[in-house]
Amino acid sequence: MNKEELLKAYQEKFGEKGQDIFFSPGRINVIGEHTDYNGGHVFPAAISLGIYGVYGPRKDNKITLYSGNVHGPVVEFDLDDETVEKDDRFWANYFKGMLTYLRQRKDGAKINHGFNLYVKANLPSGSGLSSSAAIEMLMGIILKEEFDLDIDRIALAKLGQKTENEFVGLNSGIMDQFACIMGKKDSAIFLDCNTMEYEYKPLKLGDYEIIIMSTNKQHTLASSAYNDRVAECHGALEKLQTKLKIKALGELDDHTFDEYSYLINDETELKRARHAVSENGRTLRATKAMEDNDLAKLGRLINASHISLHYDYEVTGKELDTLAETAWKQPGVLGARMIGGGFGGSAIAIVKKDQADAFKKNVGKVYRDRIGYDASFYDAEIVDGTKKI
Ligand code: GAF
């Protein structure tokens with residue numbers, strides 16, 4: 001979408017000129033899945049698919065949101081109301097949660113007039129590319145910049161996580177919000193979710209590119225299954241803590257885990273914890289492989305990540321397995337795996353640039369034959385985090 005189209009859409013909806021345009025990216029994750037809430041490492045990057053927001057101030061205290069994708073009635077709330085009610089439109093709650101928690105801060109009083117916001121996404125919602133975090137960070141940066149709030153980007157990411165955990169009810173980690181708001185062009189973020197230390201690592205893929213493959217399957221029941229995984233990992237951690245002084249599974253290496261895994265006398269919890277620990281190890285090795293330009297090794301680790309998410313974490317499902325397994329068989333592919341929470345959503349593949357067209361055609365055909373509808377393929381660029389454009 002270009003700026004003229006966005007400003008025109010704003011004007012058509014609100015009958016006046018919009019003032020500023022913001023863009024909030026979605027994210028991919030190279031490796032490190034379901035490790036964030038286990039205090040492990042992740043390696044995500046912000047992508048050029050995301051959500052635009054056109055902002056215009058109002059003289060009254062109303063905040064009015066309109067989604068150019070959903071086209072339903074506007075979402076309205078009033079700054080004079082002490083609490084912000086939950087909405088039955090799930091996407092509106094990501095804005096509402098951020099507004100609620102920003103207003104609770106000391107300088108929240110600076111949010112002292114209403115505004116209109118026209119929102120338009122080129123990122124499919126429910127695609128496992130973090131559209132919800134993109135919305136939260138969009139609202140966060142708009143409020144920070146338009147009302148001059150004294151809050152840094154990492155604190156905004158944490159409020160996004162609080163929105164998910166407390167306003168929406170998904171016990172997610174920090175990866176998505178962190179990637180959306182801290183993204184850096186052409187780099188992935190190597191983040192330790194235990195200490196919150198992070199480092200940008202250039203995504204050097206040479207003759208290869210990352211192709212995003214969306215299952216186009218909405219993951220409706222995903223949030224309760226996600227919360228189950230979080231609880232199962234917590235159960236395993238508590239059992240290990242009877243003998244080990246650790247705060248998170250991410251502190252363990254494979255060897256120590258094997259030695260103490262006898263403490264986890266629940267088969268499901270054992271599998272979940274084994275994934276969390278092994279995936280963290282793979283993430284450390286994968287970032288090193290990227291630094292060493294060992295792309296073949298990076299690809300093998302990515303494949304192993306999918307296999308662990310399939311057998312130990314059980315979050316892949318037929319659609320994601322079809323994409324990854326079909327991708328593995330194509331020429332010019334170094335690795336492929338599901339990304340995000342799972343149960344639908346998207347996968348990525350690292351594919352030789354000159355084989356990309358054949359790759360999409362072949363994987364697309366197998367997917368359609370086996371699943372009964374089309375997958376979508378995107379070549380996204382790696383971009384900066386949420387900002388005014
Ligand atoms: C979802 C969550 F929001 C993230 O915090 C993360 O746990 C991811 O699933 C799995 O790695 O995107």
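Heads up, the Cβ atoms here are built off N, Cα and C, so glycines get one too.
Whatever TrEMBL says is automated annotation, not expert-curated.
Residues or ranges marked as active site, proton acceptor in TrEMBL: Asp176. What TrEMBL lists as substrate binding site is Glu33, His34, Thr35, Asp36, Tyr226. The ATP binding site annotation in TrEMBL covers Ser67, Gly126, Ser127, Gly128, Leu129, Ser130, Ser131, Ser132. What TrEMBL lists as Mg(2+) binding site is Ser132, Glu164. The domain 'Galactokinase N-terminal' annotation in TrEMBL covers 8-56. Feature annotation from TrEMBL assigns domain 'GHMP kinase N-terminal' to 93-184. The domain 'GHMP kinase C-terminal' annotation in TrEMBL covers 288-368. The site 'Transition state stabilizer' annotation in TrEMBL covers Arg27.
Shown on the structure are the features that TrEMBL records.
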| residue | record | contacts (Cβ under 8 Å, 6+ apart) |
| --- | --- | --- |
| Glu33 | substrate binding site | Val42, Glu279, Ser305, Leu309, Tyr313, Arg337, Met338, Ile339, Gly340, Gly342 |
| His34 | substrate binding site | Arg229, Cys233, His275, Ala276, Glu279, Leu309, Tyr313, Val315, Gly341 |
| Asp36 | substrate binding site | Val42, Ser172, Gly173, Ile174, Met175, Leu191, Cys193 |
| Ser127 | ATP binding site | Gly26, Ser214, Asn216, Gly345, Ser346 |
| Leu129 | ATP binding site | Gly26, Arg27, Ile28, Ile47, Leu49, Leu123, Ile212, Ser214, Ile339, Gly340, Gly345, Ser346 |
| Ser130 | ATP binding site | Gly26, Arg27, Asp176, Ala179, Cys180, Gly340 |
| Glu164 | Mg(2+) binding site | Gly97, Ser132, Ala133, Glu136, Leu170, Asn171, Ser172 |
| Tyr226 | substrate binding site | Leu170, Asn171, Ser172, Gly341 |
The domain 'GHMP kinase C-terminal' (288-368), counted residue by residue under DSSP: helix, strand, coil = 49 helix, 14 strand, 18 coil
If you check the recorded positions Arg27, Ser67, Ser127, Gly128, Leu129, Ser131 one by one, which have a CB less than 6 Å away from any atom of ligand 1?
-> none
Spatial neighbours of Thr35 (substrate binding site) that are distant in sequence (at least 6 apart) but have CB under 8 A | His41, Val42, Gly173, Cys193, Gly250, Ala276, Glu279, Asn280, Thr283
Other same-chain residues whose Cβ falls within 8 Å of the Cβ centroid of Glu33, His34, Thr35, Asp36, Tyr226, the recorded substrate site, in sequence order | Gly32, Tyr37, Asn38, Val42, Gly173, Met175, Arg229, Ala276, Glu279, Gly341
Can you count helix, strand and coil residues in the domain 'Galactokinase N-terminal' (8-56) using DSSP?
-> 10 helix, 25 strand, 14 coil
Pop the mean pLDDT for the domain 'GHMP kinase C-terminal' (288-368) in here, whole number is fine.
-> 97
Three-state secondary structure, which DSSP defines for Ser67 (ATP binding site) = strand
